[in-house]
Amino acid sequence: MGNFLQKLGARAFELKWVIVLVWIVILGILGATAAHYFKSPTSAIKIPGTEAQKTFDRYGELFPDEGKGSGRIVFYTADGQVRDHATEINQLLARIDDVDNVSAVISPFTNPKGISDDGKTAYAILQLDGTIGSIDKATTDKVESLVGDARIQGVEIDRGGDLVRKVPDEILGVGEIAGVLIALMVLLITLGSLIAAGMPIITALVAVGASAAGLFSLSQVIEVNSTTPALAIMLGLAVGIDYSLFIINRYRSLLLEGYDYKTAAARAIGTAGSAVLFAASTVVIALASLTVVQIPFMTTMGLTAAATVAAAAIIAITLVPAMLGIAGKHVFRGKTRQAIADAQKRGIKHNEHAPHRSGWWKWGNTITKYPYAIIAVAVLIIAVIAYPVKDMRLGLPTDEFAAQGSSERIAYDRLTDGFGAGFNGPLLILVENMPQTSQADKDTVRNAAMAEFNKQVAAQTESAQTAIQAQMAQITTPEQAVALQQQIAAQQAAGEQKKQEALVAIDRQVEQYAPLVQYNQIAQRIAKQDNVDQALPVTTANNGTVGVIQVVPKSGPSDAATGDLVNKLRESDTQDNVLDNTTATLGVTGTTAMQIDINKKLSAALPVYLAVVVGLSLILLVIAFRSILVPIKATLGFLLSVAAMFGALVAVFQWGWFGIAEAPGPIVTMLPIIGIGILFGLAMDYEFFLVSGMHEAHQHTGDAHKAVLRGFYQGAKVVVAAAAIMVSVFAGFISNHDTTVQALGFALTVGIFVDAFLVRMTIVPAVMQLLGSSAWWLPKWLDGILPHIAIEGESDNKA
């Protein structure tokens, strides 16, 4: 592969303007396609195949008007009663009802359960056009404006649910830009030239632009989660800069050895470019393997991120040599340019020895002198950082964990205080295959309605008779008696008309409520279960054969007791009891049910995912290093980094340390598996670039100790620079408005820092020193069947 890449580098250096034009055309085509087919990302999380998702999807099919987005506007008054402000509240709701994509508004004053028992809290329900998590921004902005402009004396108004847009308006903000600027400063320090430092930034931007445009080009046919483009940009910037840095750093080293510019560019692509492709392949494997989880949005996320990394690697080995060709001798400046000119006059001379007085040589020497102590201290530090991982809780992003003081969090807390802890997380019970509404059900409703009707008629008749008797007692003339008789006749006629109207209304009520009779019986049985506050039938369809019951737990959505209730309702014995052993079926969905099912799905998928990722990567590492122990050591080091990453994540985003998280709460459910995939790939990058130097030195010298020192010295500076760049880029995303992106940015910042500086730059050389030559042991039978591939083209480029 080294020879092919070397030829590719030479051609790209020669055809520099053609290569640049090709990438400009590719970006133009992708950009135009993305603009034409663009569709906004969604914040909804769907997990096909789980009971909660299947029940919710079936609910949407049977009740299409119910399975759409919705929100609540919450009204609260500390003094007096909400009813005192009914006129002003209804006027506001009327204005909101006129907003585009607001299909219905249910006032708290027409909803029998819309006002709390103490009368201080009320809520209006808004039905919105569009699916959950994908409500039009113009709609949410207009509702926010109307609520914000409303001035009802003594009443606080807040929004919750889909009325609060959870998809950030921008992907990149000040923090992300600051991260790139810090990366540019690191590049300037490392490469010593603005032109050279600018090249990795350009390649990263091209990779990000191509991947983001490619993603949105497909957004009409695939659902794009709001986290996906941010993840692609995050990785595109990080690896795009790093991969180009590795190549340019090697290019500079080759120039200082005396090679001419074209040959140096070609050999840099043949050596460092080969390592870049190996490193990128581990990241691509880790990210593409997210498909084994079989969750669509994670598949899209993984493949998009993998495509971004692949694009960054391809751009690095094609666009970088083209830019080097354009820059020519101006790529470096000052002393570096003069040193290059002197080296080229002197002739080619390989730099085999590292200066013993350099800081990296001294640090490497210290590690190899005291390997046991170094390993112990590094592991102890990692253990301290990782300690909080024992308390990790997973959950979905809901209003319960929104930032304190935000409208959605205030609305959530008001509803909890006014209506109970379980009000914000009701369970939906979908019942199917019930018998059609029977005549007995209709008779039950009719008898109840007629009993109430007769009671009211009797009361009104008694009142009318009392009034007439009083009037009769006051009659003194025949004319008064005639007038009273006429009045009585008119009242009897009006009463008969009202009676007929009432009977028609009762008929309507029978048709409306008779289907609910059998569901009310089921709801009464559910209400007897532990931890149920109330259970009420909501709606039916298909002549009463399907229906929905809303169950409000006594506990909150994230409480373990609510999860226990979900599991209890799913048990066959419970279902037989509440369904009275009929042939009907019962499905449970809702926020808590979704959370339980997602955790089960991911827990089942994680071992398979790790087996695929680690297995394929171990094979690749064995082929690359022709060693058994080096890949195992690399994987064990990765586990240390993962533990530290999640320990720090729990401390900051769950416990709330340092005030970084606006609303500490459970870690977003899918973040661990995504974080593991990304960190594994990137950790193997540093393993490649650091250990490949040791491998090459051991092949040339046969001295394990010198190989560790020389390889460490050769790789340390560029690995530290690359890690500093990645940490800067990932840290920039900690200020992102999307809490998932923010947490992922923080996790990767810590993970990369620990992996690069504590694992790869400290533990790895210490372990390699202890292993000695046995680090490169490989069974002969395995050596005979493995393909021979040079990581950095050593076999192709020996001089």
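A Cβ is built for glycine as well, from the same backbone N, Cα and C atoms used for every other residue.
Database features, via TrEMBL:
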TRANSMEM  17-38  transmembrane segment
TRANSMEM  171-194  transmembrane segment
DOMAIN    177-326  domain 'SSD'
TRANSMEM  201-222  transmembrane segment
TRANSMEM  228-248  transmembrane segment
TRANSMEM  269-297  transmembrane segment
TRANSMEM  303-327  transmembrane segment
TRANSMEM  370-389  transmembrane segment
TRANSMEM  604-625  transmembrane segment
TRANSMEM  637-658  transmembrane segment
TRANSMEM  670-691  transmembrane segment
TRANSMEM  712-734  transmembrane segment
TRANSMEM  740-759  transmembrane segment
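Tertiary proximity for the transmembrane segment (670-691) is limited to same-chain residues at least six positions away from its ends with a CB under 8 Å from its CB atoms, namely 45, 231, 235, 238-239, 242, 246, 275, 278-279, 282-287, 289-290, 293, 295, 298, 301-302, 305, 309, 392, 394, 598, 602, 605-606, 609-610, 613-614, 617, 621, 624-625, 630, 634, 637-638, 641-642, 645-646, 649, 711-712, 715-716, 718-719, 722-723, 726, 740, 743-744, 747-748, 751-752, 755-756, 759-761, 764, 768, 791. Remote same-chain residues near the transmembrane segment (228-248) are listed as 41, 171-172, 176, 179-180, 183, 187, 190-191, 196, 199-201, 203-208, 211-212, 215-216, 268-269, 272-273, 275-276, 279-280, 283, 297, 300-301, 304-305, 307-309, 311-313, 315-317, 320-321, 324, 674, 678, 682, 685, 689, 718, 721-722, 725-726, 729-730, 733, 736, 738, 741, 744-745, 748 (criterion: CB distance under 8 Å, separation of at least six residues from the stretch ends). With pairs at least 6 apart in sequence, the transmembrane segment (637-658) and the transmembrane segment (171-194) have fewer than 3 Cβ pairs within the 8 Å limit; the two do not touch.
The list of residues near the transmembrane segment (303-327) in space but at least 6 beyond its ends in sequence, with Cβ under 8 angstroms from a Cβ of it, reads 5, 8-10, 12-17, 19-20, 23, 195-196, 199, 202-204, 206-208, 210-211, 214-215, 228-229, 231-232, 235-236, 239-240, 243-244, 247-248, 251, 261-262, 265-266, 268-269, 273, 276-277, 279-280, 283-284, 287-288, 290-291, 678, 681.
Counting C-beta pairs under 8 angstroms (sequence separation of 6 or more), the transmembrane segment (370-389) reaches the transmembrane segment (637-658) with 3 or more such pairs. If you count C-beta pairs under 8 angstroms between the transmembrane segment (269-297) and each of 201-222, 604-625, 637-658, the highest count goes to 604-625.
Here the transmembrane segment (201-222) has Cβ contacts under 8 Å with residues 23, 26-27, 30-31, 33-34, 37-39, 41, 180, 183-184, 187, 228-229, 232-233, 236-241, 243-244, 300, 304, 307-308, 311-312, 315-316, 319-320, 323 of the same chain, all six or more residues outside its ends.
Note: the domain 'SSD' (177-326) comprises 133 helix, 1 strand, 16 coil (DSSP; helix = H, G, I, strand = E, B).
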